[in-house]
Amino acid sequence: MNIRSTAASLTELPAYLYDLAALRAHVRRVRAALPERVELYYAAKANPDGPLLTALHGLVDGYEVSSGGELAHVHAVVPDAPLAFGGPGKSAEEIAAALRLPAVRRWHVESERELHALAAAADRPVDVLLRVNLPVGDGALDGVALAMGGRPTPFGLDPERVERCLALLASPGFGHLRLRGIHAHLASGLAAAEQLRLAARIVDWSAELAARHGLAFDEVNVGGGMAVDYADPEARFDWPAFGRGLAELLDRRPGLTIRLEPGRALTAYCGWYATEVLDVKHSHGEDFAVVRGGTHHLRTPATRGHTQPFTVLPVPHWPHPWPRPAVTAAPVTVCGQLCTPKDVLASGVVVPELRAGDRLLFAMAGAYAWNISHHEFLMHPRPAFHYLYHLDGTAS
Ligand SMILES: *Cc1c(COP(=O)(O)O)cnc(C)c1O
């Protein structure tokens with residue numbers, strides 16, 4: 001059964017469908033495009049769903065977690081997987097919990113306060129990357145939807161703060177902390193060429209810093225943020241071009257390991273949200289379809305302000321004696337059941353025909369979808385979750 005026929009046959013809607021075989025095939029292609037000395041971690045915050053984490057196991061080198069909750073959850077699902085622990089505002093409890101887990105291989109330290117707290121709590125060697133908020137003066141991040149760096153943000157350390165951390169790390173009391181290199185996650189939504197320019201900038205900056213201080217860094221984590229184009233569901237980040245560029249970068253830096261930690265670009269494509277049209281209405285010259293569920297299940301289009309791509313699965317049978325509301329060959333806005341005008345999944349999409357009772361299958365719902373949604377708002381039931389293992393059957 002494929003996604004479409006599964007969505008058509010479900011008795012309970014809405015439902016999330018995850019194609020784990022497709023996920024594995026996609027991540028295998030990503031991996032194959034990357035040179036040796038590039039480690040691929042998965043940023044769990046994009047979607048920490050257990051079966052997805054399990055499906056990724058063995059294909060990614062590890063998982064990036066950004067909270068004590070993610071740490072405990074990911075470690076429980078994939079106990080032998082290496083973890084990198086990031087996130088601003090790590091609490092004393094989170095630091096203590098992470099120190100108890102040998103699976104935590106890297107710490108992404110975000111502030112001097114955190115460095116002090118970690119040094120004070122550490123009773124064994126801990127491998128650290130300093131997360132830097134690099135100024136990106138050449139306009140490289142202009143127009144990028146989500147910039148975490150290159151401007152004032154709560155994320156990471158300004159370059160002069162990195163210098164102060166280096167001084168701290170050389171001082172008494174910091175002996176357990178081993179500085180392995182630099183981490184930078186500066187933006188989300190970058191195409192391969194931009195992403196590559198940014199990676200080169202981070203690697204060069206890191207090498208310069210190390211040279212200036214007589215240090216040897218053996219790794220740089222250049223973050224995630226590889227673009228996902230919701231307007232073009234078939235498009236993919238150009239992993240082969242990115243991989244070739246990284247190979248050139250690494251040729252100039254013998255002994256360096258580059259780590260990536262994408263989230264969205266790995267899992268966005270394997271998730272689908274299936275639902276049914278409850279009503280079709282004409283209002284002041286525009287057509288609206290109201291579906292079961294909404295942005296409390298799939299918040300992605302509301303947070304990003306985009307139209308979530310969907311296909312119509314026509315349902316010929318209409319069981320009721322009253323007229324079937326429909327719209328034909330016109331732009332329709334697809335809304336959910338919430339009592340707010342923000343509950344919009346798709347805006348002004350021209351459909352040949354859409355009727356109450358038809359099903360909609362929303363694509364690209366595998367990342368920042370269910371797990372970022374405000375599930376409790378209006379107290380509608382939760383969706384069902386289904387996992388497909390077809391194609392290579394190796395997802396379990
Ligand atoms: C969110 C995040 C990622 C993943 O970003 P994507 O845009 O999903 O690839 C990676 N690293 C850090 C530090 C993050 O906060």
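Cβ coordinates are placed from backbone N, Cα and C, and glycine is handled just like the others.
Keep in mind that TrEMBL annotations are predicted by a computer and have not been checked by a curator.
Taken verbatim from TrEMBL:
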type: DOMAIN; residues: 21-268; note: domain 'Orn/DAP/Arg decarboxylase 2 N-terminal'
type: MOD_RES; residues: LYS45; note: N6-(pyridoxal phosphate)lysine
type: ACT_SITE; residues: CYS339; note: active site, proton donor
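Cα of LYS45 (N6-(pyridoxal phosphate)lysine) to Cα of the residue listed as 'active site, proton donor': a distance of 28 Å. Within the model, the domain 'Orn/DAP/Arg decarboxylase 2 N-terminal' (21-268) carries an average pLDDT of 95.
In the three-state DSSP reading, CYS339 (active site, proton donor) counts as coil.
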